[in-house]
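**Q** The structure's right below; bear with me while I get my questions together.
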Amino acid sequence: MQVLVLGAGQLARMMSLAGAPLNINISAFDVGSENIVHPLTQAVLGHGLENAIEQADVITAEFEHIPHHILDVCEQSGKFLPTTDAIKAGGDRRIEKALLDNAGVKNAKYAVISSREDFTKAIEHVGMPMVLKSALGGYDGKGQWRLKSADQVEAIWAEMEACIAATSTQAIVAEEFVPFNREVSLVGARGKDGQVEVYPLAENVHTDGVLSLSTAIEDAGLQEQAKAMFTAVANSLDYVGVLALEFFDVDGQLLVNEIAPRVHNSGHWTQQGAVTCQFENHLRAVCGLPLGSTKLIRKTSMINILGEDSLPTSLFAMEGCHIHWYGKDKRPGRKMGHINVCADSNEELVTKLVALARELDKEAYPAVHAFAAQH
Ligand code: ATP
Ligand code: MG
């Protein structure tokens, strides 16, 4: 089976690693250069979308900010999954919000802003404080503003106006500020036959808008709520593949923050912590195979390696510590790899994270250090 992934980053790389034992071969399409590349070596294997489509049995994506003309050509080939509508929703907060409303899942109150008048109306409708997010192109907390008081309105409007003017289809989505207790996410898969399997929820810590620490949790009440919302969204899209929902947990009530129509950073823990990892399950789904079990096998946390290209050798000596590099050149803040740390009990996981904090740099891993300081 030959699967083409739109995007040639770490998610395509990890799909390739998961697909190899199943004889599922991955090639990656770099949407910028239009080169077909090997997802592990980045060696150029060919060029052009037509060629790439021709060689593929199935086409999928590792990110949502894909030019619509590329998605449309893939759709016409009849080979694309999970559905181009899902990718378009993930890449445009206006479509995403409408989708959540139509699926009947709770999300933060919002308004769409294209003009100064819209901004005034949004402030009346949504209220302050509010979070303002560019409709297109946002990721890792980029393209966002926080409006807390009336004296900030003009300065923020000047920046938002420039953002709207830069792209003809751009707009801003204003959202009420949600006073959440914590952030959690649900990663799951829906098969071609409509079968839905979800992993245990992950509790997520962000540092400067980027995921830094993610831990699989077991909470039957929240899990049930999250699964119901997941199923509503996935069914409404007739989705096939792995999908992630990010939530705000407000006193035990979940509100969807956003969806990611793909394998997700908060699901990387499944490589060691679940029976079948998210990458294999995505491939199983899009290839029309039965889904693998999503059961937790060990308590697991995932630590993102941001902007660093080496780790202390001592980590290799820690039982249950698994290192995953992405083979990228070092750049400040860049997602370079992750560490999965597994344990047989919650207590042992805490002990291991505290031990890891002693080995890892405080500046580069603030979430691990904050965790250790609390335990
Ligand atoms: P991602 O990398 O997950 O795609 P993103 O840039 O698309 O990130 P969001 O997930 O929408 O952005 O927001 C980034 C973070 O900002 C959230 O994880 C959350 O911590 C905070 N945030 C976003 N929206 C709100 C809100 N309405 N109320 C409070 N905090 C918010
Ligand atoms: Mg997010």
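Any Cβ shown, glycine's included, is placed from N, Cα and C.
Pasting the feature list from TrEMBL:
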- Arg93, Lys133, 138-144, 175-178, Glu183, His206, 257-258: ATP binding site (BINDING)
- 97-287: domain 'ATP-grasp' (DOMAIN)
**Q** Which residues, sitting 6 or more apart from Val178 (ATP binding site) on the same chain, put a CB under 8 Å from its CB?
**A** Ala108, Phe248, Val250, Leu255, Asn257
**Q** Within its own chain, what residues at least 6 apart in sequence put their Cβ under 8 Å from the Cβ of Lys142 (ATP binding site), listed in sequence order?
**A** Gly209
**Q** Going by DSSP, is Asn257 (ATP binding site) part of a helix, a strand, or coil?
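**A** Going by the DSSP assignment, Asn257 (ATP binding site) falls within a strand, counted as strand.
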**Q** Say we define neighbours as other CB atoms within 10 Å of the CB. Which of the binding-site residues Arg93, Tyr139, Asn257 has the fewest?
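**A** The binding-site residues Arg93, Tyr139, Asn257 were compared, and Tyr139 has the fewest Cβ atoms within 10 Å.
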**Q** Measure the Cβ-based neighbour count of Glu175 (ATP binding site), defined as the other Cβ atoms within 10 Å of its Cβ.
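**A** Around the Cβ of Glu175 (ATP binding site), 20 other Cβ atoms lie within 10 Å.
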**Q** Name the secondary structure element type, per DSSP in three states, that contains Glu175 (ATP binding site).
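**A** Glu175 (ATP binding site) sits in a strand per DSSP.
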